[in-house]
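According to Swiss-Prot, the protein has these features:
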BINDING   T112, K113, K114, D115, G164, Q165, S166, G167, V168, G169, K170, S171, T172  GTP binding site
BINDING   C245, C250, H252, C258  Zn(2+) binding site
DOMAIN    63-221  domain 'CP-type G'
Amino acid sequence: MKTGRIIKSISGVYRVDVDGEMYDTKPRGLFRKNKFSPIVGDVVDFEVENVTEGYIHHVHERKNEIKRPPVSNVDHLIIVMSAVEPDFSTQLLDRFLVIAHSYHMRPRILVTKKDLTSLEKQHDIEKLLEVYENMSYKTQFISINEDIEQVFSSWGDGLAVLSGQSGVGKSTLLNKYFPNIEIETQHISKALNRGRHTTRHVELFERAKGFIADTPGFSALDYDHIQKDEIKNYFMEIHEYGATCKFRDCNHINEPKCNVKAELENGNIAQFRYDHYLQLFKEISNRKERY
């Protein structure tokens with residue numbers, strides 16, 4: 001029995017990487033019976049049938065799972081924001097940070113298009129990034145000429161997935177790091193006589209110190225798995241200062257003897273961060289339950 005990570009899935013065949021050796025595997029019938037399918041990122045135990053093929057017997061417990069695209073066991077969520085077109089948004093950034101923490105992923109903030117930004121706006125963005133750096137978030141502000149190898153290798157060990165809204169440069173980053181992915185995709189689409197909206201299969205590729213998914217990541221923010229009382233745990237400074245509030249169930253809104261409100265008044269919590277917390281708390285409080 002061998003253990004490896006699924007790096008690719010096509011038509012019920014799962015390619016498993018075991019220390020650089022590849023095996024094309026299929027799940028045992030028990031998986032179909034239980035209506036459970038392995039996904040890219042899963043760590044699996046499989047039995048080798050011949051030199052390069054085998055059957056999956058067991059899928060290890062997932063530490064997290066992204067639905068769109070379906071990827072499991074993600075270590076790093078690279079939140080890609082652009083300086084311009086679209087403009088840098090702390091509100092959107094904070095929402096992606098909440099998603100990252102809710103799935104127990106380590107977030108990193110990557111801002112693109114520095115070369116297209118005025119010096120004044122660069123300074124404004126750098127001042128905002130300092131707020132996040134003071135909370136121990138890792139940040140990068142890059143231009144088109146950046147050393148892409150160094151950018152990707154700085155993320156540390158494990159599986160990284162890019163996230164961010166359309167137009168921020170996720171696909172550009174991936175195609176620069178893997179220059180043959182786009183060519184291969186176009187070739188396959190043309191061969192299958194499909195349009196430009198051909199669905200891509202998720203695949204993991206090796207990078208320095210780990211893997212990265214070749215998908216441009218997810219851009220839709222889904223909070224269905226988050227309850228309103230959990231949001232305070234995903235704003236790092238609010239979680240930290242909230243530990244000394246008078247009441248353990250304090251949501252830091254109108255409650256008495258709230259340490260978060262006191263630290264906000266003292267300037268230790270950025271007003272825009274607190275405002276974004278309130279907005280998200282209200283949204284989740286007002287959502288209709290799905291049945």
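Cβ atoms here come from the backbone N, Cα and C positions, even for glycine.
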Among T112, S166, T172 [binding-site residues], residue with fewest other Cβ within 10 Å: S166
Closest of C245, C250, H252, C258 to V168 (GTP binding site), Cα positions, binding-site residues only: H252
Taking residues T112, K113, K114, D115, G164, Q165, S166, G167, V168, G169, K170, S171, T172, which bind GTP in the record, the widest Cα spacing (Å, whole number): 19
Structural state of G164 (GTP binding site), classified by DSSP into three states: coil
Among V168, C245, C250, C258, which are binding-site residues, the residue with the most C-beta atoms within 10 angstroms of its C-beta: V168
Cα-to-Cα gap, S166 (GTP binding site) vs H252 (Zn(2+) binding site), nearest whole Å: 33
For the domain 'CP-type G' (63-221), the mean pLDDT of the predicted model: 85
Cα proximity to K114 (GTP binding site), best match among binding-site residues C245, C250, H252: H252
Intrachain C-beta neighbours of H252 (Zn(2+) binding site), sequence separation six or more, cut-off 8 angstroms: K232, I238, G242, C245, C258, V260, K261, Y277
Candidates K114, K170: member of the binding-site residues with the richest Cβ shell (10 Å): K170
Secondary-structure category, per DSSP, in which T112 (GTP binding site) falls: strand
Cα-to-Cα gap, T172 (GTP binding site) vs C250 (Zn(2+) binding site), nearest whole Å: 43
Integer Å distance between the CA atoms belonging to C250 (Zn(2+) binding site) and T112 (GTP binding site): 37
Sorted by sequence, non-C245, C250, H252, C258 residues with Cβ within 8 Å of centre, Zn(2+): G242, K246, F247, N251, I253, E255, K257, N259, V260, K261
